[in-house]
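K.L.:
So TrEMBL lists the following for this protein:
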DISULFID  C32-C93  disulfide bond
DISULFID  C40-C86  disulfide bond
DISULFID  C107-C131  disulfide bond
DOMAIN    27-140  domain 'FZ'
DOMAIN    202-488  domain 'G-protein coupled receptors family 2 profile 2'
SIGNAL    1-17  signal peptide
TRANSMEM  207-229  transmembrane segment
TRANSMEM  241-261  transmembrane segment
TRANSMEM  291-319  transmembrane segment
TRANSMEM  331-352  transmembrane segment
TRANSMEM  376-400  transmembrane segment
TRANSMEM  420-445  transmembrane segment
Amino acid sequence: MDLLWVLSVSMLAACVAIPMDAAAGSHSLFTCEPITLRMCQGLPYNSTFMPNIMNHYDQQTAALAMEPFHPMVNLQCSPDLRMFLCAIYAPVCTEYGRMTSPCRRLCLQAKSDCYQLMDMFGVSWPEEMDCNRFPDCDEPYPRPVDLLSSSDTAESPISVQRDYGFWCPRELKIEPELGYSFMGVRDCSPPCPNMYFTREELTFARYFIGVVSIVCLSATLFTFLTFLIDVSRFRYPERPIIFYAVCYMMVSLVFFLGFLLEDRVSCNAASPGRFRASTVTQGSHNKVCTLLFMVLYFFTMAGSVWWVILTITWFLAAVPKWGSEAIEKKALLFHACAWGVPGVLTVTLLAMNKIEGDSVSGVCFVGLYNLTALRWFLLAPLGLDVVVGVVLLLAGIAALNRVRMEIPLEKENQEKLVKFMIRIGVFSILYLVPLLTVIACYFYESSYRTIWETTWVQEKCRDYHIPCPYKSSSKHPWMHSHSALAVH
């Protein structure tokens, strides 16, 4: 029974290993190191390197995985088993960039010799040690050429320290067909709840977003209903304010739904039986998440475009002195731009599968964990809209002020012009201050996201049993407070 137990553990250890074809690209720094594994002492070579073929990041991890095989080696079911296991768990250290695998013959011989003993205990050969994965050759391990190149690297430090990069914990691994990625690692997803918030901060942020969404929804709905009561009151150049309000009414509605849904849509449920933690939803496989993303992103971008159109209409009214009817003739063009550009951006993100769940607000958005998407699909369009809008706004205000100063007007008309300029200024400030705050948060997050992620790995690496960063960047004082709030 003891042998059955250790063999079962060996199968489990092998099953959680990463496939061999991913190991070759896992090195962030190649360094030979002396072999410390007890089973692999006294071999024709005495130095190895990590990660090995099974993608164990150090010899201590490899030793734990090899421990269940000791009884089989001690029982001497095959004279080739010890060398085959060492070739996998402690490969010979050769020149930089070349990983040497044992021949298929060595694997088949070890498997054939130990098959009856394993079958007796009802244990199958691990899938990760499938002999078809090894090269079809008939040479001993290590090969003479490996020993020659190994002698060139025999001078090795006793203590080896490397930065292995980020290794996805077993708890955060996702089925390959879903196309998830996290911190540059495929088939991996961020943990849920949020990486940077404590439970208390997460609860506060969630309720804060919920309350603000209700207030914003009420205000924008009131504006829209006021417009429906008397459509003629809102003519160009003020008409874009109504469409702007409609856009943010939809944005507020999505955040309110996210508040009600909590993290049921933005996160995948945990699966303790499969050692899977709750992870962030990615991609378009979750239909509700995809729908929330489409509505939220589309109307967020449309709202910023309507702001630009509003400054354009004000500019046309102030500088070339266009009348309301003349501006209204361009309404079709305005609508094509305001709905078409966000539509193209939304479809592009859907095609690129860049949807990400937000465990703070409960909605799905973009750029929460992907810096490239954050910069090109949020910072770039919002920043461009602000620059264009502010330039047109300042040009329009300057033109109106010139009219007020140079052309004599009746007192009543003078007061109307001043009130019009004040309304433009107040509305612009009320729009620009929150938007510029959001853009500043995006810039801040874009600059420090890598530091936050490295610090998170430093704090959680032992809990997840993954390599800890060798050189961890200093933690930024706001790391745990402001990352996810940038979206809101």
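Glycine is treated like the rest: Cβ placed from N, Cα and C.
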K.L.:
Across the domain 'G-protein coupled receptors family 2 profile 2' (202-488), what does the pLDDT come to on average, as a whole number?
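P.N.:
The answer is 87, the mean pLDDT of the model over that range.
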K.L.:
Within 10 angstroms of the C-beta of C107 (disulfide bond), what count of other C-beta atoms is obtained when all protein chains are considered?
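P.N.:
Result for C107 (disulfide bond): 22 other Cβ atoms within 10 Å.
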K.L.:
Sequence-remote contacts (6 or more beyond its ends) of the transmembrane segment (291-319), Cβ cut-off under 8 Å?
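P.N.:
Long-range Cβ neighbours of the transmembrane segment (291-319): 236-241, 243-244, 247-248, 250-251, 253-255, 257-258, 265, 326-327, 334, 337-339, 341-343, 345-346, 349-350, 355, 363-366, 381-382, 385-386, 388-390, 392-393, 395-397, 399-400, 403, 424, 431, 435.
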K.L.:
Which number gives the other C-beta atoms within 10 angstroms of the C-beta of C93 (disulfide bond), all protein chains shown included?
P.N.:
27
K.L.:
Going by Cα-Cα distance, pick out whichever of the disulfide-bonded residues C32, C40, C86, C93 is nearest to C107 (disulfide bond).
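P.N.:
Nearest listed residue in space: C86.
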K.L.:
If I take the alpha carbons of C93 (disulfide bond) and C131 (disulfide bond), what is the distance between them in whole Å?
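P.N.:
So the alpha carbons of C93 (disulfide bond) and C131 (disulfide bond) sit roughly 22 Å from each other.
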K.L.:
Please spell out the DSSP helix, strand and coil residue counts for the domain 'FZ' (27-140).
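P.N.:
The composition, in the requested order, is 51 helix, 5 strand, 58 coil.
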K.L.:
Can you give me the same-chain residues 6 or more apart in sequence from C131 (disulfide bond) with a CB-CB distance under 8 Å?
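P.N.:
C131 (disulfide bond) has long-range Cβ partners R104, C107, L108, K111.
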K.L.:
Report, in whole Å, the straight Cα-to-Cα distance of C32 (disulfide bond) from C86 (disulfide bond).
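P.N.:
So the Cα of C32 (disulfide bond) lies 15 Å away from that of C86 (disulfide bond).
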